[in-house]
Amino acid sequence: MIIGWCFICIFAVVINEVSLDVTLVGFTGSSVVLPCSSTEYDLELQDINVFWRYNGSETIYDLISGKDSVAGQNPRYKNRAQTFPDEYLRGNFSIKLINLTHADAGEFSCFIIHSSDSKQETVLLFINESTVQKGNDSTEPAETKSDQWNIFIICVCILVPVIIFLSTACFMILCRKRPSAPL
């Protein structure tokens, strides 16, 4: 039974790593980078359009023919969504959202439209209360009990099968080394 749960845990971790969609957790008042990139090489910025949308329709940020455009931007994201223009030629069209609120939780879609290819990436963003303790100057959120519990479960799911495997291997080696009793 334990082995079955361990394999389920490991399978869930592997599936999460292979998923095309990204799930992020942000904290109120902090910032988060929503990833979006193209694997195309030799990009010509004038041939690229990138559209960031929230929950399928609200405009977060647009890059039209390689130029930033906030003309249709939802006012909620004004001065809160930043891009990385120095990274455009490398195919990085990620955005950084600052001063997160609970209203930012949801699905963000990045559409990259290039003359030779199109791509969509989806980022699911969850927002938690900031866990930074008062009086602490750190801008990084402290680890929550749920984070600690998740780390513990993953460690157990990895360690239990390793211990079982090593125990079985040692047992088999010891059994082979025992001399057989003469008949």
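Easy rule for this one: first residue shown is 1, then count along the chain.
The backbone N, Cα and C atoms fix where each Cβ goes, and this holds for glycine too.
As annotated by TrEMBL, signal peptide applies to 1-20. Feature annotation from TrEMBL assigns domain 'Ig-like' to 29-124. Per TrEMBL, the feature transmembrane segment maps to 149-174.
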Local confidence of the prediction over the domain 'Ig-like' (29-124), expressed as mean pLDDT:
90
Pull the DSSP breakdown for the domain 'Ig-like' (29-124) and write it out as helix, strand, coil residue counts.
15 helix, 44 strand, 37 coil
